[in-house]
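*Asks:* Okay, here's the structure, questions in a sec.
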Amino acid sequence: MKRAQPSFLNAIENSVDRRRRPRPISRVNLESLLTRQSCMTLSQDPPLPSTGEMDEYTEENEQYEQDSGSSDVKDEETVKVCLRLRPNKKSAPGRMIFHVKDNTLIVRCQGENVSSSTKHYTFSNVFDDKVSQAEVFDSCIRPAIRPTLGEPGATFLTYGTSGSGKTYTLLGNEEQPGIVPRSIEQIYEELCDNISLEPSLKMESMKPIPLSDESVLDELRKLRVIKSRLQDTEESQIMLSEIIQSQHQFQPLEMGDKRVFIWISFVEIYNENVYDLLNVDGDFGKRKPMKVLSNDGNAYIKGLSTLYAGTKTDAYNLLQYGLQSATYGSTDVNSNSSRSHSIFTVTIITHSVSTQRISQSVYKFCDLAGSERMKKTGTMGDRLKEAQKINTSLLVLGRCLETVHKNQKAKKIHDLVPVRDSKLTMIVQSALLGKEPMTMIVNVYPLEEFYDETVNVLNFSSIAKQIIITKERKMVKAPHGTRYSFFLSQAITSPSVNSDKNQLLMEYESLKQENERLVAETEQKNAEIVCLQRKLAIQEFQLRNELTDNFQQHFVKMEESCEMRIRCAKEQAVILYKHQLATLEKMLKSKDQLIMEMEDEQEEYEKKLKDYEAELSKYQRQQSRNRRQSV
Ligand SMILES: Nc1ncnc2c1ncn2[C@@H]1O[C@H](COP(=O)(O)OP(=O)(O)OP(=O)(O)O)[C@@H](O)[C@H]1O
């Protein structure tokens, strides 16, 4: 029979069907698995009570077969998978009982009408609900942050259902800071005096670039903008620092002449779109999806804002600004933290002044979206799309881990790890391809109502836990130049594994059916879309015709109205001219009259003048006659 690949999305409760219930088997703990270069999840059934009722769990009931193993893989880096239980305030135990013993989580469950079963999940570390944030950091994160050793960096992921404590583990709160603020403290306290305050060296598209004076000023300007957009956070940052430093002893490292440059970026992946959370120059709160590119197995995001954090305060400010942008963005695209993945990246560039050697270590902190199944998140519209995208990226992450595990079992590069199938796996590909260590903290909220999800999460993490990534020196070069890890482990085949596989086969079938249903639904929706598109095209054509008619009618009316207005204006002008002409004619007539009257008067005066002249000459003649007579 063809064996199914393990699936983590659709677990079926194994107590439902006796045939699928795991068979009793001796348990192997994590240490032994690691030393035998393999690891597995074991299922175990306790002897069934004849009544079908479940016994109370007691440690004495358990029979462990400790495997001594050899220590021939001590120098190997592994994918670390740690489990953390969230405190459960609800006292009723329900049908699930969780018990932690060393590095194993023992889950005992009972159904109403079925017999009980017990499963054992081994991890690198198992933290019960009483573990402190400091303990989680010290055992899972602190040893992996070693920038001075020229290591490539590390990827840290928190995985689990919504509300299981992923963000709490990663960020924590003001009294209980999480692994990100603790890592910031560690980095800045250990590298302290060697950190350059001037952002003069940057990585761009995976290459070191010395920055010009203008670029340095621009980087400092961006930090000032970010600071101005944050509320006064200095006091709370100081308190956070004090809390962390009271719980850990960080010593400055001997760095010689090395100068250190620390750059930070922060992205969110929502609906398979990558958004920049530190974009200072764009509109605050408005986001554009970005492209993820790959260069020799290392991913980089085109145009991503990577800002300089020369001090601890800058790093805290950038973290806070990114979280603030995510909150603004969430109202913009209707996302929230549970439905998106976020990745906070700290890049440490080390420049040795004497040797001129430059190395970089990249630390990625990933808060993954809640791993709920679609049935629970609802299957309508945006929510369906969202759930599909979240599940796609987590499914691809699971597939990548499965492929790595398969290659590991086959002791050769059998299949390519499908890191390019989702944005999340593209971004964390260097960890998935074995170039750097990966630590996954699996968060579980041990509540009755999350039973199915919790089983899925545990199945998923069991796949991750079966992987051992060898150190760089054991890498082999693939023909096309991409580097892959050569995995040396060999899985232990046991009846319980077969039993698990049968169960997983059923889960796979059920997932397949769900997939088929969704494909059919998608096809139907596509047909509806085509039909709607046709209707839309017809409506558009009718609308265009109506619009053309309307425009024509409008133009005709406008022409008529213009003509009318011109006619009126003409008539008014004619009337005006007529009136003016008549007035002028009248004035002309009266002038003619006046001239005639004046001519008459002139004639009269001329006549009178002639008369006077005649009289004058008569008078003059009389006078001369008189003068002669007197003489
Ligand atoms: N170990 C813990 N100790 C105390 N409180 C915890 C612990 N883990 C989680 N919580 C609390 O549980 C609540 C939910 O946790 P958190 O927001 O971290 O869940 P989450 O998995 O990130 O959820 P989501 O996927 O919705 O973002 C928070 O109020 C947090 O303080």
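Note that Cβ sites are derived from N, Cα and C of the backbone, with glycine treated the same way.
So TrEMBL has the following annotated:
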type: REGION; residues: 1-76; note: region 'Disordered'
type: COMPBIAS; residues: 32-44; note: compositional bias 'Polar residues'
type: BINDING; residues: Gly160, Thr161, Ser162, Gly163, Ser164, Gly165, Lys166, Thr167; note: ATP binding site
type: COILED; residues: 501-535; note: coiled coil
type: COILED; residues: 581-629; note: coiled coil
*Asks:* According to DSSP, which of helix, strand or coil covers Gly160 (ATP binding site)?
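*Replies:* The three-state answer is strand.
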*Asks:* Are any of the binding-site residues Thr161, Ser162, Gly163, Gly165, Lys166 near ligand 1, with a Cβ under 6 Å from it, and if so which?
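*Replies:* Checked binding-site residues vs ligand 1; flagged Ser162, Gly163, Gly165, Lys166.
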*Asks:* So for Gly163 (ATP binding site), how many other CB atoms are inside 10 Å of its CB?
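*Replies:* Cβ-Cβ neighbours of Gly163 (ATP binding site) within 10 Å number 15.
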*Asks:* Let me make sure I understand the structure: which of the binding-site residues listed (Gly160, Gly165) has the fewest other Cβ atoms within 10 A of its Cβ?
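*Replies:* Gly165, out of the binding-site residues Gly160, Gly165, has the fewest neighbouring Cβ atoms within 10 Å.
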*Asks:* What number of additional C-beta atoms lies within 10 angstroms of the C-beta atom of Ser162 (ATP binding site)?
*Replies:* 19
*Asks:* Quiz question: given the binding-site residues Thr161, Thr167, which has the greatest number of C-beta atoms lying within 10 angstroms of its own C-beta?
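*Replies:* Result for the most crowded candidate: Thr161.
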*Asks:* Return the count of C-beta atoms lying within 10 angstroms of the C-beta of Ser164 (ATP binding site), excluding that atom itself.
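*Replies:* Other Cβ atoms within 10 Å of Ser164 (ATP binding site): 26.
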*Asks:* What is the total of other Cβ atoms whose distance to the Cβ of Lys166 (ATP binding site) is within 10 Å?
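*Replies:* I count 28 other Cβ atoms within 10 Å of it.
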*Asks:* For the coiled coil (581-629), what's the model's average pLDDT?
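*Replies:* In the predicted model, the coiled coil (581-629) has a mean pLDDT of 93.
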*Asks:* State the three-class DSSP label for Gly165 (ATP binding site), counting H, G and I as helix, E and B as strand, and everything else as coil.
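*Replies:* In the DSSP reduction, Gly165 (ATP binding site) maps to coil.
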